[in-house]
Structure formats: structure tokens, C-alpha cells
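Going by TrEMBL, these are the annotated features:
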DOMAIN    1-252  domain 'Citrate transporter-like'
TRANSMEM  33-59  transmembrane segment
TRANSMEM  71-90  transmembrane segment
TRANSMEM  110-131  transmembrane segment
TRANSMEM  152-183  transmembrane segment
TRANSMEM  195-218  transmembrane segment
TRANSMEM  230-254  transmembrane segment
TRANSMEM  260-283  transmembrane segment
TRANSMEM  295-319  transmembrane segment
């Protein structure tokens with residue numbers, strides 16, 4: 001999956017569409033919503049992490065050049081990346097884990113993710129009302145050449161990888177094809193694959209496995225996971241402290257309430273800065289490209305995320321126990 005993501009970055013597909021869409025914006029709300037739509041759609045297939053790493057710097061470069069609002073738009077783009085990635089089985093790591101751990105079929109998965117995406121979209125609409133709407137000069141479209149044939153091959157390989165995620169083909173087939181395509185396009189791309197993310201998640205699994213062997217911890221968690229609502233709430237709350245991927249892996253050992261865990265882990269991605277790795281990447285990108293005080297961004301990001309968590313948390317609770 002990380003190799004496929006690197007291939008799409010090499011081909012500059014997301015950059016191309018970002019510049020095309022932003023050139024159509026007349027004001028900050030339109031500009032932000034173009035980025036939100038692109039973040040939602042892109043994160044469904046390229047993951048929330050890659051979407052954040054691509055779109056946040058692009059928006060901040062435009063915002064700095066034309067003195068546009070930064071804090072709320074960047075926060076909304078980060079949220080949109082989290083929300084979009086929750087829609088597909090392969091959009092984020094914990095969805096992939098849940099699909100394999102519990103053998104969830106696609107019909108069942110989308111029966112959960114569609115209402116979640118609808119509720120998430122309404123949250124974005126509500127928060128976007130707080131955007132300061134100012135005119136935006138015409139943003140010039142940078143010329144980005146798209147290589148048609150490599151892009152077609154990349155899409156085909158991505159489909160094979162996604163098929164491996166949902167169990168239609170052996171996972172190794174997609175992995176081999178992705179590596180071969182990456183080497184064919186540019187062997188240096190394999191050096192640029194974000195191995196740190198892979199190692200981080202591997203570390204999460206190791207830590208969770210070790211913690212799961214501690215008797216009093218396992219007894220305590222098992223005592224909490226006896227109903228749908230308790231699984232949901234523990235998923236949301238633990239994500240705020242240890243991030244939603246390790247939270248999902250840890251709680252999955254003690255429950256069969258998969259739907260509640262799905263809602264808890266995905267909704268738990270909003271809230272605190274450590275709710276998801278994408279949140280940390282948003283903050284990291286802002287430290288590099290943002291022009292407002294970092295403490296001010298942290299406060300604004302946290303406040304808007306907590307508001308979203310309260311609203312979406314209530315909706316998720318209703319979806320879980322309905």
C-alpha cells in the first residue's frame with residue numbers, strides 16, 4: 001500500500017487536481033470546500049496521511065501568498081482526510097485491520113461507513129459556517145504534466161492492491177506488482193516510501209501485544225467490552241490517548257462488537273492531536289508551512305476538533321445502539 005501511495009505521489013496526480021480545482025475558487029469558502037472535497041475523495045484511496053501531506057502544504061502556500069485564513073481551513077482539510085479515509089476498507093490502517101481480523105464483507109462494511117460519512121459531512125458543513133469569507137484572487141494553475149500510460153498502470157496496480165486488502169486476491173500479488181511498477185518508473189521511489197509509518201504501526205502492534213499480555217490490563221479491558229455502547233465509548237476515548245490504530249488493535253482482542261469498534265475507532269480520529277497519525281501530520285505540516293503562531297494553531301485545531309468529536313460522537317453513539 002505504501003509503495004502504491006509513493007507511485008501516485010511520483011506521478012503528481014493529487015497535485016494536478018488540487019491546482020485545477022483551486023484555480024476555480026472566488027472566495028475562501030469556495031477554496032476551502034474544493035480542498036475538503038478533494039481531501040475526502042483522495043483519502044478514500046490514498047489514505048488520510050498522504051492526503052494531508054499533499055494538500056496541507058499546497059493550501060498553506062496559497063493562503064500565505066494571498067493572506068487568507070489558515071487555522072480553520074487547515075483543520076477542516078485534516079478532518080476531511082480522516083472522514084474520507086473511514087469510508088473505504090483500505091482508506092486507513094484500522095479499517096484494513098478490522099476487515100482482516102473479523103472477515104467483514106463489503107456490504108456490511110459500507111452499511112456502516114455510508115451513514116458515518118453522511119454525518120461527518122454535516123459536521124464539516126456546520127464548522128465551515130465559521131469560515132471568514134474573503135475574496136480570493138485568481139490562483140494561477142501550475143503546469144503539471146500527467147503521464148497517461150504510467151497513470152493507467154498505477155490505477156490497475158492500485159486496484160489489485162485494494163483487491164488484496166478485501167481478500168479477492170492474495171495480498172502478495174499486489175505487493176509484487178507495486179514494487180515492480182515503482183522500480184520501472186523510478187528505482188529511487190523505493191527509497192522515498194514512508195517506511196517510518198510502516199515501522200511506527202509495526203511498533204504499535206508490538207506494544208499493544210505486550211500490553212495485552214499484562215493480566216490486570218486484560219482483565220480491566222475485558223470488563224469494559226461487554227456491550228456495544230461500552231465498546232464504542234472505549235474506542236473513542238482510548239483513541240484520544242494512544243491514537244485510533246493501536247486502540248483498535250488492543251480492543252479488538254476483547255470484543256465481537258465490530259460495528260461499535262468501527263465507529264469508535266474512526267470517530268476517535270478527531271479530537272486530540274494524537275487521535276490519529278493524520279492529525280499529527282497536519283500539525284507537523286503547519287509547523288513547516290504555516291504563518292500564524294504555532295500555539296494559536298494548536299488551540300484552534302484542538303477546539304474545532306473537540307467540537308466535531310462531541311457532535312460526531314453523539315451521532316456515532318446513535319448509529320451504534322440504534
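Just so it is clear, glycine is given a Cβ too, placed from its N, Cα and C backbone atoms.
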Considering the transmembrane segment (230-254), which listed stretch of 110-131, 260-283, 295-319 counts the most C-beta pairs under 8 Å: 260-283
Candidate ranges 33-59, 110-131, 295-319 - greatest C-beta contact count to the transmembrane segment (260-283) (under 8 angstroms): 295-319
